[in-house]
Every structure is written in C-alpha cells, then in structure tokens.
Amino acid sequence: MSIKYLTAKLAQQIDEELMNQAGAFSIDQLMELAGLACAQALARVYDKKMYPNVLVCCGPGNQGGDGLVAARHLGMFGYTPTIFMPKPGSKEIYQRLKSQCDNMKIKTIPPSEDTSLLRDALSSSNVILDAIFGFSFKGPIRAPFDTTLPLLTDSHLPIVSVDIPSGWDVEEGKIERIGLQSDVLVSLTAPKLGVRSFNGRHFLGGRFIPKTLEEKYQLNLPEYPGSDQIVELKE
C-alpha cells in the first residue's frame, strides 16, 4: 500500500495526539527530531565541500523552531549556517532554540525592512533551508514574507523546504504565485496532500511516529534505512 497523504485537519490531529497522552512527546522532542531529519536531508543532497554556506530561513512558528534545530545540527555537521528570521518567534521555546544557535556562534541576520542584508547573505550562500511556513499556513502572503519569498526565488539557489514549500497551500499545493519552488522537500510525519505535485527530491523525516498512531491512521509509512532519520520517497 502507498503512503498516506494528509489533509490539514488530519495533520493537526496527529500533531496533537503526538503531544497528548497517546504520543507522550514534548514539543522539544519533536522539534529536535524534525530539525535533525531536515539537516540530514540537506547534507545528503548538498555535500558540505560544494555547498558549505547554508541560509536557514525561519518563520515565527513551530516550523521556524525546526529550522533553528536544523541550523544547529548543520553547524555540528561542519556547514556554516546563517539564520534569517523575517519575523522572529516570541515563544519561550523559540528563544531557547535561538540561544542554542548563538552558543554555536551561528550568525543571525537581524530582521529589517532594508532587504540589502538578505541580498548580501544570499550572494554568499550556496543553499537555502526554507523553514518559514508550515502546514497551518493560509494565504495571502503578507509582509514581511511577501518581499522575502521572491528574493529567495530570484537568488536561483537550491532550496530545501521543511514539510511544505513556503507559500504552498497544505491541500491545494502551489496556488500563490510567489510560493517557493523547492528542489528538495522533507515531509515530516507523513506527506501533505498539497505536495502530491512536488517533482523534486522528496524525503520523509521525523522518525518518531509510534506504531499505535501509524496503525490508527493507516499511514503506511516506509521503512527507514538503518539508523537514518530520513527515507527518500520515490514515486
């Protein structure tokens, strides 16, 4: 049987169950495992010898938290990540994850209406990790993201997206003109309906779904190889 693609409602439901008595995970655990998977996927496709400089773009929500975790792991893997947060998150967990990156001496571009800082960072980057919008995104794309996404696209750098390319609808796919066209996608938990049309390299990450939830929702997840946190999905 083929892997199940999730609606927005089902993705939300599984997320909630992972963190209640059924799953018994904390959000810290889930972010750590998700971010590690994203860092591993980027490293699998973009070797650090040829792509050492990674611009990690983080949104203000849980997606951005995954990005901050990934940035820290990429630093541990020997890459040189730079963090860009168009609108930093305000939750306590976000602040802690950012402090962990600071302690790794990972550079952060301060949010600014002046796009020259982002343009400069893009000119010295080799690959982008897109952790801006997650599966709860609903358009239209508002400031400051309406200027950020076109700049990422215009850079012509390869893009690795976390869970869903930023600007895509979780169920309908790329309906916003300025939604990113990613080269690599790391679906977390299970892929979402909107990425059925995605034609780049597609990985599944987030090796934390308990058997009980996998069976309850009939997710039909593939087997992860060895100790890998990711598995490539092939049509």
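Cβ coordinates are placed from backbone N, Cα and C, and glycine is handled just like the others.
Annotations in TrEMBL come from automatic prediction, not curation.
Now, the feature entries from TrEMBL:
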BINDING   N62, Q63, G64, G65, D66, G134, F135, S136, F137, K138, G139, P140, D163  (6S)-NADPHX binding site
BINDING   Q63, D130, S166  K(+) binding site
DOMAIN    11-221  domain 'YjeF N-terminal'
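Cβ environment of Q63 (K(+) binding site): A131, I132, F133, G134, V162, D163 lie under 8 Å away, each six or more residues apart in the same chain. With a 10 A radius on its CB, G64 ((6S)-NADPHX binding site) counts 29 other CB atoms from all the protein chains.
Mean pLDDT, taken over the domain 'YjeF N-terminal' (11-221), works out to 94 on the 0 to 100 scale. Residue with the densest Cβ environment among the binding-site residues F135, F137: F135, by other Cβ atoms within 10 Å. Inclusion criterion for the binding-site residues G64, D66, F135, F137: a C-alpha placed within 10 angstroms of the C-alpha of S166 (K(+) binding site); this criterion is met by F135, F137.
Around the Cβ of G139 ((6S)-NADPHX binding site), the number of neighbouring Cβ atoms within 10 Å comes to 14. Counting only the Cα atoms, the space from D130 (K(+) binding site) to G139 ((6S)-NADPHX binding site) is about 17 angstrom. Of all residue pairs in N62, Q63, G64, G65, D66, G134, F135, S136, F137, K138, G139, P140, D163, the annotated binders of (6S)-NADPHX, the farthest apart have Cα atoms separated by 23 Å.
Its Cβ taken as reference, D163 ((6S)-NADPHX binding site) is surrounded by 29 other Cβ atoms within 10 Å in the chains shown. Fewest Cβ neighbours within 10 Å among the binding-site residues D66, D130: this applies to D130. Of all the binding-site residues listed here (N62, S166), it is N62 whose C-beta has the fewest other C-beta atoms within 10 angstroms. Taking the mean position of the Cβ atoms of Q63, D130, S166 as the K(+) site, the remaining residues of that chain whose Cβ falls within 8 Å of it are C57, G59, G67, A131, I132, F133, G134, S161, V162, D163, I164, P165, L180.
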